[in-house]
Structure formats: structure tokens, C-alpha cells
Amino acid sequence: MQASADQVERDILETQKRLQQDRLNSEQSQALQHQQETGSSLKEAEVLLKDLFLDVDKARRLKHPQAEETEKDIEQLHERVTQECAEYCALYEKMVLPPRRGIQGRLGTRAGAETEAGLRRPVWAGHGGAGGTDRGAQHRAEGDQRPRRAAAEPGGAGCRHHPEPIPRPTEGGVVARAEPGQPVHALQGCTWQLSALAEQQRRILQQDWSDLMADPAGVRREYEHFKQHELLSQEQSVNQLEEDGKRMVELRHPAVGPIQAHQEALKMEWQNFLNLCICQETQLQHVEDYSRILCPSSSPH
């Protein structure tokens, strides 16, 4: 346990240093340089903390004389990691949707209505939300209005296709059931999803979304594949994390404060991601309409 605790301490100190450096970069309007390393350190710390909590629980059951003192030390480490997770979100999440693009302003109201009730109403996937509404039918109806919507054009040249699907969590880690004495699983799950969503949005924003994109048909295929095969499972993971968090809050777990903070951060990041997906859908439709005007005999599909 001592070796793991020492590594967590090192991760905390390294994370603190990187956060301070990027905070200074942000104040000076410079690029943030340490997001990936900071996320990796926090992820490692949370995995180690999970094992430490299990070990100290075993020591307590065996009535080890230092179990209580060790548990206090681990709880202090956990509080520090949780605080750094909150600082990570506050520092890096603002990079996801740059205000200068106006994405949130143009689309926030419509997408916000989809997620305000607690992420229970999927935008796509054709299954019922609140009241049994067919969201797939709604999405098709919205498609008829796309040519009249203003184009949102995330800038930058990069890979043209939709991001690769995020890998599913491995056993025992990310989306674990929330039971008394096991807050780390839910917190780790939220942190993992926050990191994954931020990475997805970063990659989307780096794609070529100009009206003259090289391969709109290929981009459309990748995007439709994501909607049909990946979006629903990702939404289910987010919903499961929300259920786990609610369960622990209802059980009045001592870590209710950090749990609620992580839940709110995840809810906001998921809404941002849906907003950006709507931007993709809108811009793809505009590019396809533009191609049909230029070449009436061709089809983007």
C-alpha cells in the first residue's frame, strides 16, 4: 500500500505543477500544453486509489492496528485528487467549444432542451424518451429544416472523418455499481467520460468543416456509423454513471459533495458534445446541399 500511496502523491504533485503551468498559459492567452499528461496522471491516481480503498477495507476487517490511520491518509489523498479533477475540468473544458464560433449560442437552446431533464432523452438512435416519444422520428423531422439553419463551421484542417469510437471501460473500473464505501468507482467513471468527451470534441473541431471539404460522402458515412453504432452505447454509459451517482447521494454517502460536482461536470460536457454533434449534422447537410447546387447530377451519398 505504501508504494501505491507514494505514487498517488507523486501524481498529485505532478498534476498540480502542470495545472499551474497551463493556468498561467491560459491567463497569457497561450496554448495549453499539458492536458494529456495531466489527464493520464489523474487517471493513474484514481486507479491506485481504488485499489488502496479496497486494501484498507480488507485491513480494517482484519483489525489491523494501523487501519484507521491509513484510511484517513487515503481519504486525504482522495480529496486532493478530487479537487484536482475539478480544477482539470475548469481549466480544460472551456477549450471544447470556443466562444468565438458561437456554437453554444446558436444551438444551446435546442440541445439543452434535450438534456435538461437529466440526460434521459437521446437525440438519436430512434428509441423513446420521456413520454414514449420517438426521437428517431423527431430527428428525421428536424432534417427537413436543416437547409434553413445557419451553418456552423468548426475550423481547422485535420483528419476528415468522425473520431474513432471511444473504447469501452474495462472490468472493475469505470462504470461500477455505486455501493456504500465505493465512491471511487463512480468518480473514476465520470473522470474517464469527461476526458473521453473532451478528446472527441477536440478531434471533431480539428476536422475540415469548410464548404469545400475534400470528401463529404466519406465524412457522412463515418458520421452515420457513429450515430447508429456508437452514440447510443455512449449515452447509456453516461446515464449509468448518473444513476450510480444518484444512488450514492440517496444513501447519503460521505463523498456526496465530490460525486455531485463530478455529475454536474459530466452533464454539462455531455450537453456540449451533443451540441457539437448537431453542428456536424447541420454543416454536413449544408455541404451536401451546396454540392447538389454545383453538380445537380451528382449525389453526396
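Including glycine, each Cβ sits where the backbone N, Cα and C put it.
Note that the structure is predicted; figures quoted are calculated from it, not measured.
If you look up Swiss-Prot, you'll see 1-88 marked as coiled coil, on the strength of sequence analysis. According to Swiss-Prot, the feature compositional bias 'Polar residues' maps to 26-41. If you look up Swiss-Prot, you'll see 136-151 marked as compositional bias 'Basic and acidic residues'. Marked as region 'Disordered' by Swiss-Prot: 18-41, 118-166.
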Reported in the order helix, strand, coil, what are the DSSP residue counts of the compositional bias 'Polar residues' (26-41)? 9 helix, 0 strand, 7 coil
Do you know the mean pLDDT across the coiled coil (1-88)? 87
